[in-house]
Amino acid sequence: MTPTLADRSQRAVLGRILTSPWLLVAIVLLSFYWQLGAVPLYDLDEGAFTEATREMLASGNFITPHKDGEPRYDKPVLIYWLQAASTQAFGFNELALRLPSAIAATLWVLAVWGFVRERLDRESAVVAGLVMALSLQVSIIAKGAVADAVLNLFIALAFFEIYRYYLDPDPATNRRFVLRAFLWMGLGFLTKGPVAVFFPVVVSLLFFGSQRALGRWAQAAFSSKGWLVFVAVALPWYLAVYLDDGPGFFRSFFLEHNAGRFGDAMHGHAGFPGYYLVMLPIILLPFTGWFLRLLPGLRAAWSDPLERFLWIWFGTVFVFFSFSGTKLPHYLLYGATPVFILMAKHRDLLKGRWLAFAAPLVFLGLLVALPGVVGLAESQADRAHEVAMFQEARGLLGFDYRLAMLAGLAAMIGLLLWSRPPLWQRLVLAGVIQTLVVYGVLVPRVFEVMQAPVKEAGLLARELDLPTVAYRTSMPSFSVYRDAVTPNRPPLPGELVFLRVDKLDALAADVPGLQQDLVYRRGPVALVRMGRVQP
């Protein structure tokens, strides 16, 4: 059917709205800042990062991070410094602890917008920013008190400088790109270590090699001034942590948490062959079909230097982590930035509405079915803490939840059937619906079930002000809310014990001479006070 004048006018108006920088600002505020401090910290990750920040502030040791009194060698120091600065300015609370991630994600969007505007056009720059800000996994790390948004910012900035260097063959003017790339890699090295250097170096080697420009790559990669910038940024803290704590950080961080993660599964995150083939569609929701539409044009893209660079960037990250022993969804985000740019550049290629909307419709359909899934899981669960969580969840997934999810699904179906706007415009609107549903309805309920009891237990333990231990339970956000180190060991008489409810029998067997007085129990966790059994 030939579009009418009214149809074309409507498309033009919607197109102007969806390529407005002001809309991008609004979407960033919605996706990254809305509900930022509304839910408790989640365990294990947020709890571990923020407890290390709390102990840093309490002890005055800003060199070696500690968690529950023990050195925390998982990550370098920059994220703790940023969280500490934020809490000093805005108070020690969830919003302040997550704010550095939200700001980093905002700067990441800004960097993408600036690069795409420079290399393509203003409209594509806005679309790339919208797709990025509304993608499910990006919004998750933007709202998390963890290091990933900060790291992705520095990785993206380093890659953009590498491509700018490629475009400028004049040594008199391209030096600034090299120095800035080393600056961003140095800051990334302070955020999460070697990954911030590994991917820029390997991807740039592959790209420059494919362009028969290895000489230029070597000039940049072995730039003495560039490495001087890197060392000036990264070395002082690494030297300071060695002087403060000895070689422990280097053995644990570089050997266990870097080399070890690639060779073996850590913390049970083994994944399976093809793990990222499954996770990539989820990470990119609701834009999965948009990405799949790019794949047939991969061979043609090879003739364009920018697209070649972007595909090598994404492909290197995807292949590397597919062979890694430890697999986590957010690892793919190191290679997601080029995907957002490619989708924006080729947004008009998306034609099949079922390809475009299949993934978000399935996702919303699963959320509609969640109450039934929880009921089935409860009937099959055999561990006390799982049964308690499912019972708690069932009470929160009632009529209002079902109504909200059905409304979201109906709106998504409406976008599928709305034939006037181009599909990419409808998918951006689908991203808004997804954000409202996930962070307005789903996440508050998930955190109420899994983390609100931990927060309540921590605040109660702080109020009781008794010697407190954790027993065979690793939920460091408890220490954050308790505002004190909580050692993990069997209790002594008179001590308060924080534990998962499935550990209560083991506690009784481990300390048979003590009786348990239940102080608090909700969902998966409990607080008990230990007293001697009266003769």
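Heads up, residue numbers simply count up from 1 along the chain you see.
Keep in mind that glycine also has a Cβ here, set from the backbone N, Cα and C atoms.
Residues or ranges marked as domain 'Glycosyltransferase RgtA/B/C/D-like' in TrEMBL: 74-237.
Per TrEMBL, the feature transmembrane segment maps to 12-34 (among others).
The feature transmembrane segment is assigned by TrEMBL to 95-116 (among others).
The transmembrane segment annotation in TrEMBL covers 128-161 (among others).
According to TrEMBL, the feature transmembrane segment maps to 181-208 (among others).
Annotation comment: TrEMBL describes 220-240 (among others) as transmembrane segment.
Residues or ranges marked as transmembrane segment by TrEMBL: 275-298 (among others). Residues 131, 134-137, 311, 318, 321-322, 327, 329-330, 332-333, 336, 339, 342-343, 346-347, 349-352, 355-360, 363, 423-424, 427, 430-431, 434 of the same chain lie 6 or more positions beyond the ends of the transmembrane segment (275-298) yet place their CB under 8 Å from a CB of it.
According to TrEMBL, the transmembrane segment annotation covers 310-334 (among others).
Long-range contacts of the transmembrane segment (354-378) within the same chain, counting only residues at least 6 positions beyond its ends with a Cβ under 8 Å from a Cβ of the stretch, are 281-282, 285-286, 288-290, 292-293, 386-387, 390-391, 393-394, 397-398, 401-402, 405-406, 408-409, 412-413, 415-416, 423, 426-427, 430, 434, 437, 442. Residues or ranges marked as transmembrane segment in TrEMBL: 354-378 (among others).
Under the heading transmembrane segment, TrEMBL lists 399-418 (among others).
Positions annotated as transmembrane segment by TrEMBL: 424-442 (among others). Residues of the same chain lying 6 or more positions beyond the ends of the transmembrane segment (424-442) and with a Cβ under 8 Å from any Cβ of it are 11, 14-15, 18, 27, 30-31, 34-35, 127, 130-131, 134-136, 139, 143, 285-287, 289-290, 343, 347-348, 350, 356-357, 360, 363-364, 367, 401, 404-405, 408, 411-412, 415-416, 418.
Residues belonging to the domain 'Glycosyltransferase RgtA/B/C/D-like' (74-237) score a mean pLDDT of 97 in the model.
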